[in-house]
């Protein structure tokens, strides 16, 4: 039975997240419905990152085992046809070894959080960025962000319902870059805790607004207490960009 690796792009706004849940439609559910329409029976589609409600993906990775062998291009096109009108696109499909696991074979995940730092209302980016009208000091944000890079106990920056066994994670990158009114917060790690990226972004915004210093951010990390965290950024601006294997 061949195993297929899929690269998937999606707008997370209409979904309760990647994973199938009882409280609404999911990206995983839409994909599994499309696969069933092609092969005639249920097939589990496993993703590399279980993105939260409203979070987008530019290149989510998934794998599935399908009894019938399809040419990769034909499978891609068939899935895209059955996914309409969902805002989900299968960018590519390929046959991979049986031991490939989209989630557990991953060695690094890359995310970007996008902020529109302007006073004007959003017109073309509604639901795709976090609009903040107050000018952010992105140099201060970037400098403070480096205090979070490395291996730490990220209890402060994880959701209270996070099911990870350990709060320890190694953050490989956390950069804050400005391009005009557009601010990108770029981060990468082998894996992240539930709501970790959005929690770090919200706290960095407090630094950018002058409410916190870099030392305040470091103190919040050291507190290892969820209540020490700044605000949690909305999901609108968060994108899963790439997964490395």
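Placement of Cβ uses the backbone N, Cα and C atoms for every residue, glycine included.
Annotation note: residue 52 (active site, nucleophile) sits in a strand segment as assigned by DSSP. The active site, nucleophile annotation in Swiss-Prot covers 52.
Following the DSSP three-state reduction, the secondary structure of residue 111 (substrate binding site) is strand. Per Swiss-Prot, substrate binding site is recorded for 111, and the stated evidence type is sequence analysis.
In this structure, the recorded positions under consideration are 52, 111, and the one with the smallest number of other Cβ atoms within 10 Å of its Cβ is 52. When the Cα atoms are compared, residue 52 (active site, nucleophile) and residue 111 (substrate binding site) turn out to be 13 Å apart.
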